[in-house]
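Below is one structure, written out as structure tokens, with a few remarks after it.
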Amino acid sequence: MKPSWLQCRKVTSAGGLGGPLPGSSPARGAGAALRALVVPGPRGGLGGRGCRALSSGSGSEYKTHFAASVTDPERFWGKAAEQISWYKPWTKTLENKHSPSTRWFVEGMLNICYNAVDRHIENGKGDKIAIIYDSPVTNTKATFTYKEVLEQVSKLAGVLVKHGIKKGDTVVIYMPMIPQAMYTMLACARIGAIHSLIFGGFASKELSSRIDHVKPKVVVTASFGIEPGRRVEYVPLVEEALKIGQHKPDKILIYNRPNMEAVPLAPGRDLDWDEEMAKAQSHDCVPVLSEHPLYILYTSGTTGLPKGVIRPTGGYAVMLHWSMSSIYGLQPGEVWWAASDLGWVVGHSYICYGPLLHGNTTVLYEGKPVGTPDAGAYFRVLAEHGVAALFTAPTAIRAIRQQDPGAALGKQYSLTRFKTLFVAGERCDVETLEWSKNVFRVPVLDHWWQTETGSPITASCVGLGNSKTPPPGQAGKSVPGYNVMILDDNMQKLKARCLGNIVVKLPLPPGAFSGLWKNQEAFKHLYFEKFPGYYDTMDAGYMDEEGYLYVMSRVDDVINVAGHRISAGAIEESILSHGTVADCAVVGKEDPLKGHVPLALCVLRKDINATEEQVLEEIVKHVRQNIGPVAAFRNAVFVKQLPKTRSGKIPRSALSAIVNGKPYKITSTIEDPSIFGHVEEMLKQA
């Protein structure tokens, strides 16, 4: 069965249309589709694979590419898109009819699973390793070729279709760091379903709010997650989430982890993964439009409504493929390791989709930097699997350093293939940066991006010849496509080394979010209204004379805990819901290991007879149940009153400064300035 709209035409070298492409239509599954085509173009053009150059670091290629991306983005990204296989060529590279949203590769059709898996097999690379699964918490190591991944993914796609999932439907994934989580992501992408993968560390309340918001037809989960020293039962967490919430999915697909007891299934609702896969029919890729949502990923925010970032398929595929070579400097076939979690944007972009799109081997690590079993774990993984480049958070490096300051446990390993260490997720302090360089003996490069962008905003683009020894404290230069500027509150451009608002001049490049799920008003209001014509990153920082960006702080109330963005407002809401606390403000307290940890300033209710110690114990437990251990909430200071503005707002920046022993300014809007002195005194006594 070949839908008429799949009668693709081949773009000729002159850019015109050639004859119809015959394509192929394998008789597998209900949704057989034409094999995607590569829209041909000159190799080595701007943004293409041929532009990769691991040069001396003069940055001349970077300058050329960045200038081209700003002055002629259509041509630049059109060339980059030639490295992706398309069922139907796009009619327009860029469209800005509905600003601030930019549509990329308009009317083009593709499938990201085809690009990440099938096409490598068709190009004779089916026996190459796609995934290395390394799980010290279960003492398991396994490798999976592209052929093996395709077999699992295509069958799982068949399972989903059998149970009513079709293009445009939503699927929630709540799984640990196991290959089956990646298979589920790719299977959803294969049939055009929209996945929403939720970090396994979130408690039932957080899971419930996301399920209610995304309304999945199916939830895919596993029997257990494994943490050092304990086992997390996922199914009871899902059950509790469904009790709390309103939405009830049609089916729950449960993967029972090997060598552990099987969890009981609810008749009529629950499906056993192994049983379903044993009788599954493989399903082919379903073409989707470039703008079709690939996934919804929830990010912390200051508003009560969940912020579900929508990722458009086409631009994302183009940007990720381009970034693996141009930013990270990798050749197809090399081993790449992003030491993150699939539940975060790094996991989506650079554990799953990015490396597979580029034909790399990706490491899926179910473990920690320390404690699984010790601070030598990262060195072992790098050595055993021949990793060429690692991406991790500074917190992980700090944890290793804290337990093994001289890196004695790492010295037994030979890191001959290791060439670059990239860090992101939080600001990397200079001390951690220098220690990493000395220990790993490779360039250590900080870079900066956000859930909303899906890939780096600033970086040292080593594939384009950027320096591998940038000044300490910076987070790289503007990535091609991201025209980063520093503005004051009056939208005036600031000079070098002047602290201001970090913004990006529109249009945003391919791969950036296209909206917020069921909340387009917030999309426009939060990101584009304060600085018309720009994307507001809501971060503050400055640029130096060479164009390096220094990200200094977050301008909203999101606390970065060990690279995880946690909303202070969500913690406050949880504390207040306990009933013992009348008022509270949560701010980030600087922490040598985690970067920041939340500290609550609490005002007790007058009718509470319990001691402050008892209340603290209770609210810590309450937050853990509501948000999960990922919040890392353990400390509170009890005060008589909180400072407020006349409109009732808490001056977070001033409180954050007090908590961290820094100077602060009392603005004229504060109702009772004397309360600041009381807060300072209570912090000293704590």
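Backbone N, Cα and C atoms are what each Cβ position is placed from, and that goes for glycine too.
In Swiss-Prot this protein carries:
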- E227, P228, G229, R230, R624: CoA binding site (BINDING)
- G425, E426, R427, D446, H447, W448, W449, Q450, T451, D539, R554, R565: ATP binding site (BINDING)
- K518: N6-succinyllysine (MOD_RES)
- K524: N6-acetyllysine (MOD_RES)
- 1-29: transit peptide (TRANSIT)
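Overlay of Swiss-Prot feature records on the structure.
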residue : record            : Cβ contacts under 8 Å, 6 or more apart
E227    : CoA binding site  : V137
P228    : CoA binding site  : V137, K368, G371, T372
G229    : CoA binding site  : none
R230    : CoA binding site  : none
G425    : ATP binding site  : S340, V346, A393, P394, T395, N560, G563, H564
H447    : ATP binding site  : I327, F422, V423, A424, P456, T458, A459, S460, A475, G476
W449    : ATP binding site  : V345, A424, S455, P456, I457, T458, A459
K518    : N6-succinyllysine : H213, G308
K524    : N6-acetyllysine   : P100
Checklist outcome for this item: Pairwise CA distances across E227, P228, G229, R230, R624 (listed as binding CoA) top out, in Å, at 18
Checklist outcome for this item: Rounded to a whole number of Å, the separation of the Cα atoms of R624 (CoA binding site) and T451 (ATP binding site) comes to 24
Item to check | Greatest C-beta neighbour count within 10 angstroms, which of the binding-site residues R427, R624 | outcome: R427
Checklist entry - Three states by DSSP: which one describes R230 (CoA binding site)? => result strand
Next on the checklist: Quick check: in three-state DSSP terms, what is R624 (CoA binding site)?
Outcome noted: helix
Checklist outcome for this item: Simplified to three states, DSSP reports K524 (N6-acetyllysine) as helix
Next on the checklist: Give me the count of other Cβ atoms within 10 A of the Cβ belonging to T451 (ATP binding site).
Outcome noted: 19
